[in-house]
Amino acid sequence: MSWQEKINAALDARRAADALRRRYPVAQGAGRWLVADDRQYLNFSSNDYLGLSHHPQIIRAWQQGAEQFGVGSGGSGHVSGYSVAHQALEEELAEWLGYSRALLFISGFAANQAVIAAMMAKEDRIVADRLSHASLLEAASLSPSQLRRFVHNDVTHLARLLASPCPGQQLVVTEGVFSMDGDSAPLAEIQQVTQQHNGWLMVDDAHGTGVIGEQGRGSCWLQKVKPELLVVTFGKGFGVSGAAVLCSSTVADYLLQFARHLIYNTSMPPAQAQALRASLAVIRRDEGDARREKLVSLIARFRAGVQDLPFTLADSCSAIQPLIVGDNSRALQLAEKLRQQGCWVTAIRPPTVPAGTARLRLTLTAAHEMQDIDRLLEVLHGNG
């Protein structure tokens with residue numbers, strides 16, 4: 001089989017399964033409205049959970065940062081790309097979340113890959129929730145360490161895996177809020193069993209940070225858990241992009257020496273760091289509380305109105321509200337029907353989710369209004 005035949009076969013298989021991914025060029029993709037092909041849609045696909053991507057103070061902070069620092073960082077943080085803006089953001093994040101140190105990364109994917117690659121050796125073991133994000137599972141699969149997966153949120157199964165002999169160290173990996181189901185991990189129970197077996201806990205709280213807990217401190221703070229490694233990302237609740245790893249001072253020093261994604265990547269622009277500082281300020285103040293409270297009300301309105309639909313509604317109290325349809329083609333058809341009625345919704349299919357669980361991944365944000373939720377419910381009930 002030639003290269004071209006190999007590529008064609010893979011694409012043909014995706015098409016045959018109604019699983020071929022595609023991109024849509026949009027004129028505006030975050031916030032309440034999505035604009036594509038000169039048409040405006042109510043946007044139920046954005047991860048901009050607090051509606052901060054268009055916040056004027058955050059936009060102005062980025063503009064002022066670009067005027068002060070330029071539009072790029074100029075290099076790796078180990079060379080010339082670590083600015084006073086990066087330093088200030090790291091210090092503010094560490095203070096906010098109660099850690100000694102924070103290290104910035106260009107993306108959550110990079111942060112997860114970097115930590116696992118740097119921390120794990122052949123004699124070690126990673127024990128990961130089966131539904132962990134692709135960045136975590138890919139990094140674990142590529143690691144020389146052993147990978148074992150526990151049944152989603154099943155602490156008993158986790159304990160059984162941790163109890164089997166391991167010559168090295170054990171790292172338990174999970175998410176705070178799961179990206180495709182919107183449910184939360186029982187972090188207190190997971191931490192307890194991890195500590196009983198002398199392991200470390202790594203939590204990716206991409207979808208909880210900024211959105212839940214006191215001052216938006218996220219899933220771990222809400223459940224009174226402090227993992228050894230906490231990954232937070234800035235493309236969701238913060239409305240920007242990038243990520244950070246929160247950890248002890250010695251672990252931060254270690255990652256600065258051995259995390260290749262940190263050493264060899266160009267740092268995020270200092271202007272971006274300034275925007276993130278402005279976003280953090282909004283998240284922590286009363287305005288952040290008001291946005292979180294509004295989001296909770298919108299979620300409650302949606303869940304109350306969707307109960308009698310012929311789909312499985314995931315057990316989620318988060319901004320992620322999946323309607324599990326099952327069949328790929330049915331999910332695509334329903335997403336298209338919603339778009340025709342002015343609601344932009346994304347169909348998520350295998351391999352992103354398990355076979356037979358294709359779904360509409362609906363996301364609600366504080367930028368929505370109650371009438372937006374009512375319109376979505378009207379269309380879902382076939383009355384659009």
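Backbone N, Cα and C define each Cβ position, glycine as well.
So that you can see what the record holds, here are the features copied from Swiss-Prot:
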BINDING   ARG21, HIS133, THR352  substrate binding site
BINDING   GLY108, PHE109, SER179, HIS207, THR233  pyridoxal 5'-phosphate binding site
MOD_RES   LYS236  N6-(pyridoxal phosphate)lysine
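In this structure the residues listed as binding substrate are ARG21, HIS133, THR352; their two most distant Cα atoms lie 18 Å apart. Checking each of the binding-site residues (PHE109, SER179, HIS207) against the residue listed as 'N6-(pyridoxal phosphate)lysine', the C-alpha distance stays within 10 Å for HIS207. Closest to HIS133 (substrate binding site) by Cα-Cα distance, out of the binding-site residues GLY108, SER179, HIS207, is SER179. Spatially close to ARG21 (substrate binding site) yet at least six residues away along the chain are ARG14, judged by Cβ distances under 8 angstroms. THR352 (substrate binding site) and SER179 (pyridoxal 5'-phosphate binding site) have their C-alpha atoms 10 Å apart, to the nearest angstrom. Taking the centre of the Cβ atoms of GLY108, PHE109, SER179, HIS207, THR233 as the pyridoxal 5'-phosphate site, the nearby residues of that chain (Cβ within 8 Å, site residues left out) are HIS133, SER135, ASP204, ALA206, VAL231, GLY235, LYS236, ALA243. The DSSP secondary structure for THR352 (substrate binding site) is coil. If you take the C-beta of PHE109 (pyridoxal 5'-phosphate binding site) and look for same-chain residues 6 or more apart in sequence within under 8 angstroms, you find SER135. Its Cβ placed at the centre, LYS236 (N6-(pyridoxal phosphate)lysine) has 29 other Cβ atoms within 10 Å.
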